[in-house]
Amino acid sequence: MDAAGRTVLVRPDHDLFTRGNQVTASDPVAARADDVWKVYGSGEAEVIALRGVSVTFQRGVFTAIMGPSGSGKSTLMHCLAGLDSVTRGEVHIGETRVTGLGDSGLTKLRRDKVGFIFQQFNLLPTLSAKENILLPLSIAGRKPDDAWFDTVIKTVALQDRLGHRPAQLSGGQQQRVACARALVARPEVIFADEPTGNLDSKSGADVLGFLRDSVKTYGQTIVMVTHDPVAASYADRVIFLADGAVVDELSDPTPDMVLDRMKRLDNPAEVAR
Amino acid sequence: MLRATLKSLLARKVRLILSGLAVVLGVMFVAGSFVLTDTLSRSFDSIFSDVYSQTDVTVAGKPKVEVDELDGESLPANVPQSAITAVSALPGVAQARGVVAADGATMIGSNGKAVGSFGPPQLGENWLGENELTQLREGRGPTADDEIAINVGLATAGKVKVGDRVGVLTLDAKQRMFTIVGTFGYSGDRDSIGGVNEVAFTEPVAQQLMLGEPGVFSSIDVKAADGTSPDALKQQVASALGADYTVRTGKEAAAEDAEGLKSALAFFNNILLGFAGVALFVGIFLIINTFSIVVAQRTRELALLRAIGAGRRQVIGSVLTEAVIVGTIASVLGLGAGIGVGALLAYLAGQFSGGLALAGIGVPPVAIIASFVVGLVVTVIAAVMPALRASRIPPIAAMQDVATPDRPLTRITWIGGVVTALALALLGVGLYADGGLLLVAGGVLLTFIGVALLTPVLSRPVVGVLGRIFSWSVPGKLGRLNSGRNPRRTAITAAALMVGIALVTGVGVIVSSAKTSIAGAVESVDAQLIIQGSQTSARPPTFAPGVVDQAKAVPGVRDVVGVASDLATVNGQQQFVTSVTDPAPIPVIFGSTAVAGNISALGADQAIVNDDAAKEHNWSVGSVLTVQLTRGTEHRYTVSGIAPADKSIGEIMLPPAAMTEFTQPGLSLGFVQLDQGTPVASVQPQIEALVADNPLVSVIDQDTFTQQQSGMLDQVLVMIQILLALAILIAVLGIINTLALSVLERTRELGLLRAIGLGRAATMRMITVEAVVISVFGALLGVVVGTGLGAAVVRALRDEGFTDLTLPWSTIVLYLCVAALVGVVAAILPSIRAARLNVLGAIAHE
């Protein structure tokens, strides 16, 4: 494992991209970052958050992005989702080139191709669960597909809670509403930002279960940022970031495997040994 | 999306109420004005249709001098007996009666005071007996020359009864004594029609006292013979009498007479609407602030909407929808309140004018339309800026605590500078190049906007300095820092207060300058006593020219001049003219020297003009003026002298004989110059004795005269202050609003402060300091801007007699103190709220 880790660390990033591309050459790609740089500030205050990240997300795959604090995992997700602009490089979601889109293009992208799940749930407190779930569709002016809505509701087990306000729901239930909200529009990719960060382990396991099921059963693509190895173990693939660069990746991870990699990332001295 | 907006709005009812309240008050003002004027105007309609209900056709002489409606009433020429005879002979006429009815019969009540008001006329008339409208209640009609009958309303107001002997003032400057032999009322058991008072004399007395000559009438009341329509009768009468007469059917007369009053009412309405406009303008500031704060508080929510696919337009739409809803609700409430206020004011106006019977409260369509248009437009305009700001919230704010980036103040300051410069240019053109009132008003409005835009930049240093005063304690220091923390918010809140304070200060500067100028002008006149009537109705009281001669004979009196004035047609234009008893003393009393010709003597066909009028009309010594006075025929006067404008009596001074043809032949003003060293007190009683026959005329010294003139200005100032109080009230609401929302916004911070040991009282003190700093800052701005505006107006009016610029320092200091008090009051509720915070809950608050 030491050897593998070191190899990954010294390998130039474009190699990783090439490798990813080769592996998934026949599969459709849901999202892709090509040599993405993100630099905040300038001069003395310059902070490089991403240094030439290239990564590809295949359709129907649940990917977790992990890394220590400040590794750039949130920044990468924001850039992928079009919430933040990249300094250099390109981002694509499906066929759409996100880099260089104007506000209306980005709005259309978020409306049609991207779904979000947030750590703080971010439900509108004044709307009922059902209204919250249907909000993206009503914003887009689209009619909900009743059968799909029922399926989603069943998947997240919220049949009895549709009329409730967020304040009347538990944290786990609120996050399930948020999941349903993301799923109901059938976006190209769902980006989840620490979705279990505010939940107890039981509720977190429920939510992660739903996410994995939606990938397995309905072919949904999910990209999740997390620092919880258990959460990451639900994913099909884990990408590790450190210091703004992709340093490793795992397929079909277990919590122990993830934890092990994380430990080494947290302690570079050990890696060097 | 709409549902999300609606629900979010409903969830924050308090914010809805606060932002709506300003609109409610403004709309209330607008709707109230319309309801008031509509009610009054319909009341006038009903009065005049009553007055003319018995009349088929009415005939009056064409007025010799046509007076603008706002300057007064045109006095119709008298109708001779021959015209009545001619009309009586017409085939369609059943009856033609000469009517004497003229304004200016003032009865002295049992308390020795004149009964009357500036509202409805005080008619003196010939007794025509009872008819369907007029009915005797007690006694009989007058038959002897010293008998009168009066309407019950007048008898009640003057506390007199049948059998009493009372004085009546008429064209004859002396009070004449009459015995009341009867009282009368009107159909429908009314004591008065619209507050009009009537004194009925016998015909010859009425003719002499009310029209100034025997055998003439004010109008002819014509009844049609059976089978002749009023319109046909009108044609007959008009063709029989020719062009010198105005012939109208009763209906036309009612409509036209009412119309005359209505145009005055429309003017009044416009003034009220102007003040409503000011209130709404201030309201805009409040709404901008409320919506901005609300947008700031909803940052996360709006960012979420953006993250899940809402476009910028949808966010803008969401904020504007909220504005439309608030505007609509506020308009409905404002309209309702306005109807109440309008009804109340109409009732008060009715009481004030002596019992005007109101024709029922009406809500004209224009009130409803104006309410909704104004309410919606104001709210939506005010919400545009916050809406644009909301649309700039990045979707990423849904995940992070990113503050909406505050744009630097450079741009807003530049815009503010440009707007202010533009405003000053407009004001300059408006004031100094006679650009008109509209330019001045536009300039003032732009000044407010410009200064409001500059306020954020000003707020940092000024608030800093102001805050130092309170910085001796920790809560004070925190309050000061808080008020300086969001310069835009502080600025808009302060700017709202600035508008009201600036306007009252500006008017205050103008009024105090006017008072000093008057005092200066009076002092420059070398007359120690002034004979003057205290006006209690539309017509000023007068005294006989003989009084001047008698006064001259009083020991210690050096010279006296009496002045009468009226509107006349001079060379085809309406002009103010005066006539003096003798021009000789004027140069001495006023210290004036002739600009041209001779100004100390006036021949029977000569006139003296002042140099302003001479310049304006291109008159010089030898110019001929063709003058038509209210009575009599056209005269030609040759200009014999030109007097300096600042030391003369009126623009055009006619010889003594002219005053007999004025609306009121008596003198209205007299200047008495005493011998050097003669004590005023020794002469005053002797001159007072000369005018004792008219209780309304008094003899006063210079100081009293100045005070009387200033007193009227003070009344105007108070009126304006009352009307602007609404604008200031709205600004106070704005301060409360800003503080309340700030407290809400800083819940967590307040909890923290409380947790580390800030006491309740200290918390309240902190909020109060913040409020006081904001309000004093606003008042300071207002005082500075207002003083500037007032001074500009005063300087521009230098030629109109504003010789002095005086700043009302005591009032200015008072405004600043009131502002501080306002801050304290505004802080009460928000600070209580802040002090009551549950510490634990506040810290956990998101």
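Note: Cβ is positioned from N, Cα and C throughout, glycine not excepted.
All TrEMBL annotations are machine predictions without curation.
The transmembrane segment annotation in TrEMBL covers B:16-36 (among others). Here the transmembrane segment (B:16-36) has Cβ contacts under 8 Å with residues 9, 269, 272-273, 275-276, 279-280, 282-283, 286-287, 290-291, 294, 325-327, 329-331, 333-335, 337-343, 345-346, 349, 361-364, 366-368, 370-371, 374-375, 378-379, 726, 729-730, 733-734, 736-737, 740-741 of the same chain, all six or more residues outside its ends.
Marked as domain 'MacB-like periplasmic core' by TrEMBL: B:18-239 (among others). Within the model, the domain 'MacB-like periplasmic core' (B:18-239) carries an average pLDDT of 86.
The annotation transmembrane segment is assigned in TrEMBL to B:271-295 (among others).
Sequence annotations record features per position, and here TrEMBL assigns domain 'ABC3 transporter permease C-terminal' to B:275-395 (among others).
What TrEMBL lists as transmembrane segment is B:315-348 (among others).
When Cβ-Cβ distances below 8 Å are used as the criterion, the transmembrane segment (B:368-388) is approached by residues 19, 23, 26-27, 30-31, 34, 276, 280, 283-288, 291-292, 294-295, 315-316, 319-320, 322-324, 326-328, 330-331, 334-335, 338 of the same chain, each at least six residues removed from its ends. The annotation transmembrane segment is assigned in TrEMBL to B:368-388 (among others).
The annotation transmembrane segment is assigned in TrEMBL to B:409-431 (among others).
Here TrEMBL flags B:437-458 (among others) as transmembrane segment.
Same-chain neighbours of the transmembrane segment (B:490-511): 278, 281-282, 285-286, 288-289, 292, 448, 451-452, 455-456, 458-459, 463, 483-484, 713-714, 716-717, 720-721, 724-725, 727-728, 730-732, 734-735, 738, 774-775, 777-779, 781-783, 785-787, 789-791, 793-794, 802, 805-808, 811-812, 815, 819, 822, counting only residues six or more beyond its ends whose CB sits under 8 Å from a CB of the stretch. Summarising the annotation, TrEMBL assigns transmembrane segment to B:490-511 (among others).
Residues annotated as domain 'MacB-like periplasmic core' in TrEMBL: B:490-690 (among others).
If you look at the transmembrane segment (B:716-744), the same-chain residues 6 or more away from its ends with a CB under 8 A from one of its CBs are 14-15, 18-19, 21-22, 25-26, 29, 272, 275, 278-279, 281-283, 285-286, 289-290, 293-294, 297, 482, 486, 489-490, 492-493, 496-497, 499-501, 503-504, 507-508, 511, 750, 767, 770-771, 774-775, 778, 822-823, 825-827, 829-831, 833-834. The transmembrane segment annotation in TrEMBL covers B:716-744 (among others).
Here TrEMBL flags B:722-838 (among others) as domain 'ABC3 transporter permease C-terminal'.
If you look at the transmembrane segment (B:771-797), the same-chain residues 6 or more away from its ends with a CB under 8 A from one of its CBs are 427, 431-432, 440, 444, 447-448, 451, 455, 458-459, 462-463, 466-467, 470, 479-480, 483, 490, 493-510, 513, 731-732, 735, 738-739, 805, 807, 812, 815-816, 818-820, 822-824, 826-827, 830. What TrEMBL records for B:771-797 (among others) is transmembrane segment.
Sequence-distant contacts of the transmembrane segment (B:809-829) (same chain, at least 6 residues past either end, Cβ-Cβ under 8 Å): 497, 501, 504-505, 508, 512, 728, 732, 735-736, 739-740, 764, 767-768, 770-776, 778-780, 782-783, 787. If you look up TrEMBL, you'll see B:809-829 (among others) marked as transmembrane segment.
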Could you put numbers on the helix, strand and coil content of the domain 'ABC3 transporter permease C-terminal' (B:275-395), residue by residue per DSSP?
101 helix, 0 strand, 20 coil
Under the DSSP assignment, what numbers of helix, strand and coil residues are found in the domain 'ABC3 transporter permease C-terminal' (B:722-838)?
100 helix, 0 strand, 17 coil
